[in-house]
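Visitor: Okay, these came from TrEMBL:
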| type | residues | note |
| --- | --- | --- |
| DOMAIN | 20-132 | domain 'EamA' |
| DOMAIN | 205-343 | domain 'EamA' |
| TRANSMEM | 16-35 | transmembrane segment |
| TRANSMEM | 47-68 | transmembrane segment |
| TRANSMEM | 80-101 | transmembrane segment |
| TRANSMEM | 113-134 | transmembrane segment |
| TRANSMEM | 155-175 | transmembrane segment |
| TRANSMEM | 203-223 | transmembrane segment |
| TRANSMEM | 235-257 | transmembrane segment |
| TRANSMEM | 269-292 | transmembrane segment |
| TRANSMEM | 299-319 | transmembrane segment |
| TRANSMEM | 325-343 | transmembrane segment |
Amino acid sequence: MALDQVAETGGVWRRYAPHVLMALAQLCYTLMYFITEAAFNRGLNPYVYITYRHLLVAVLIWPFAYYHERGLRPKMTFKLFMEIFVLSLLGVSLTLNMYFASLKYTSPTFVTSMVNTIASMTFVIAIILSIIVSSTDVVRHEFRMEIVDAKTLRGLAKIAGTVVSFAGVTTMTLYKGAVIRCLWKPPVHVNSGGGGAVPHDSWVKGSILAVASCICWSIWYIMQASSLKRYPAQLSLTAWMCTVGGMQSTIFTVFMQHKPEDWLIGFGLKFWCIVYSGLACNGFTVFVQLWCTEKKGPVFVTMFNPLSTIMVAILAYFIFGENLYVGSIIGGVIVILGLYMLLWGKEKDQEHGASKEQELELDCEKQARKVSDVYAVQQNGTEKPKTVK
């Protein structure tokens, strides 16, 4: 009885492990937004933050990746390295530098709402790639992630969800709206500190940076789903991306920041912000996303982004006393609605595909039985004359 209960518990965990891990990843991201915002307001440079964060993770992950996946890593080739170079550019250096720069000009609630569009962008880009490379069988097998049948309800749901999500993005970008101020003294202050506070102005500039980062992220999700087939060592791939992305960000930061004091962070909030972001958001969450992408696909990973939006909005208003904007709230709700319309259509697509596979397997079994029956009859027919003789 005890063994049956253990087996049953193990089965439940295997079934829901991706869901639990993605929820924990979103919690890590939620806390990161407020910690980084407080560090930025105290003078931490976003480009320096991205550089230190990824170099720290690379140093910590490589020993585990080297010993744990020694027999799993494929041989590194120039083509594979260039693929990792592009992955690092899209998923680490370019994307995150734009993303955290947008945080300086907007708010945590805005940027987390914008992240919810990644699923729709991933869907659209996957469709475009499928159309572009449809003439090449090899590439089609790797990149044809999405199929739209506009004659079915599930296909219409995916199209409508994408349109609704982009309508929400447009609302958040062009309409800031009235401010909703906190009516009580917040228990935690994130905007206090040194004179490095930056006001949330240039809303359109921050919006453009956030949209651009989400487009890069969408391409990264599609590329990593394909790259995992050629480089199945997830921990090593995470270490490679952090290393290469950190080096890319270092070169970019050297060109952008010429003051040596920008690289000095001390051991206060700036230091612990980098440590937390590196361990929790680059180490743990990136590994979880790679694992869940392999198990469930890239759309499953992006479906959990609204959870972070909700948690950020609650903490921002009730705990940290930050202002909310009507445009961000309305646009965020529209984006989430579109996201789940898209995901509903995606789920129905998977159910339809699974039922077709079952029908195909049954047809194959029936054909195999017919062939075996015919073969048995032929064998019996040829043996009878031999017996008579």
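Note: Cβ is positioned from N, Cα and C throughout, glycine not excepted.
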Visitor: Sort out the residues at least 6 away from either end of the transmembrane segment (16-35), same chain, that have Cβ-Cβ distances under 8 Å to it, and list them.
Guide: 103, 108, 111-112, 190, 269, 272-273, 276-277, 280-281, 284-285, 288-289, 291-292, 295-296, 300-301, 304-305, 307-308, 311-312, 315-316, 320
Visitor: If you average the pLDDT over the domain 'EamA' (205-343), what number do you get?
Guide: 83
